[in-house]
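Right, one structure below, let's go through it.
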Amino acid sequence: MWLNLKFLSWLVLIVGAIHCQAYVHHTFVIKETPYTRLCSTKNILTVNGQFPGPALHVHKGDTIFVDVHNQGNFNITIHWHGVKQPRNPWSDGPEYITQCPIQPGVRFKQKIIFSSEEGTLWWHAHSEWWRATVHGAIIIHPKKGTKYPFPLPHAEVPIIFGEWWKQDILAIYDETIFTGGAPNVSDAFTINGQPGVLYPCSKPDTFKLKVDHGKTYLLRIINAAVMDILFFAIAKHNVTVVGTDGSYTKPLESSYITISPGQTIDVLLKANQKSDHYYMAARAYSAAPGVAYDNTTTTAILEYNGNYTPSSPPSLPNNLPYFNNTNASVMSNKHNQTLFFVISVNTFPCPNNSCAGPNGTRLATSVNNISFVDPYVDILQAYYGHFNGVFETNFPDFPPYLFNFTAEDLPLYLETPRHGTKVKILKYNTTVELVFQGTTLVGGNDHPMHLHGYSFYVVGMGLGNFDKDKDPLRYNLVDPPLMNTIAVPLDGWTAIRFRANNPGVWFLHCHFDRHMTWGMDMAFVVKNGKGQKAHILPPPPDMPPC
């Protein structure tokens, strides 16, 4: 069967060559590179030696190829976050979901198909926690001959938030897996790879954004942090949000933004203040009780051009919300498939209480009481090739237990989930309403949930338990934001809607990497529709082997 699939793939490539299609090609070389931060040097995994990695510039509707060469010492995959990849899950990238990892010394040419996306997205590693340093921006410009839905900015600047550990990120990952406890928090946050003036040995390399007075700048903001939701503000300046997750939004002016790991936000900045130097700053939002977090602040400098004596030190933003301000972190028809997914932090018992989680347990997470287990071969290959025994198709539409999800004291038996590799099958073109409900189990937490292969409308959000009779009456069905990653608030819920019109296997997971590793994952299998244009494309010939 697999030989036949490869033959079909080569046939497709030959037909494409006959039609002389011209695509832009990029090369990503994965390798270890020495970088110095916080007074010490370590090797980090990079793309083309860069941290953050190179930005990809495309136009709406383009198709490109990225030839990924793994010259490092570790398995790797690359995910094109927010790119819908119509009918082409083969290049989506999540390890053991749509592909096996690219092994050291191996290369994989990924075909990236852009469709309706426009604005800012990003790419990142989707193996273990390598995305800490393996990530970069995707800038999707309007189609040639079309314009932005706002006045053309003077310049466009990616602003990428990250986290930096003095320790090797693989050591952090391995220790977390071995002990069953929470990972060490990062030693710094970064803006475009630099921690900023508030950290040791960092002031000279602080990122500077130079602006001309009176001009407007488009900031393409990406949260590539591994573990934290962030607040961001610029001293004495407001910004106007005009886009999220590769789509435009109704303009909203604000003195700060909240951005979850995985999210992108496009904002317009008017350089309309007194010519001076001003700090841009970001710090964590973390309201989960007992959960350690990085309480430091990363800075960059907004610097007006011209002849003047700058203030010393520059102004810091005075409007960044406090770290546990949940209210500040929450952004304020007919369907034929309703899903209710309860997302929880959990624990598994350990022999003799020998693990580093609460009361000697091993930390875990779950969706509808299923803690996801990676299969031995990727789910997409198994689905397409009709392999048995790789996954089960009985992922539950609703949780097995109904209880007061946000109560302060819950029975301990609710903390233990079941292991499983389960998927939810959706018929092509099904309209899905999915409600995420958070819980207070093991203290609870916020959860930035990301769906591959789709953008979805965020129709509702609230604190407490979702009320199926009252809360849908308050849905925003007029102008809901279109996103691919949305934070489910601490002890709250979020409702989304999407149409399952992209056949294939598509991953759903929390974008806190520790939660994804612990099992807050599942996958949708969207079946083929009628007609060839509603069928999944055949696999490329160089899919990495397991």
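Just so it is clear, glycine is given a Cβ too, placed from its N, Cα and C backbone atoms.
All TrEMBL annotations are machine predictions without curation.
What TrEMBL says about this protein:
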- 1-22: signal peptide (SIGNAL)
- 30-144: domain 'Plastocyanin-like' (DOMAIN)
- 156-307: domain 'Plastocyanin-like' (DOMAIN)
- 400-529: domain 'Plastocyanin-like' (DOMAIN)
According to DSSP, how is the domain 'Plastocyanin-like' (30-144) divided among helix, strand and coil residues?
6 helix, 58 strand, 51 coil
Looking only at the domain 'Plastocyanin-like' (400-529), what are its DSSP counts of helix, strand and coil residues?
17 helix, 58 strand, 55 coil
If you average the pLDDT over the domain 'Plastocyanin-like' (400-529), what number do you get?
96
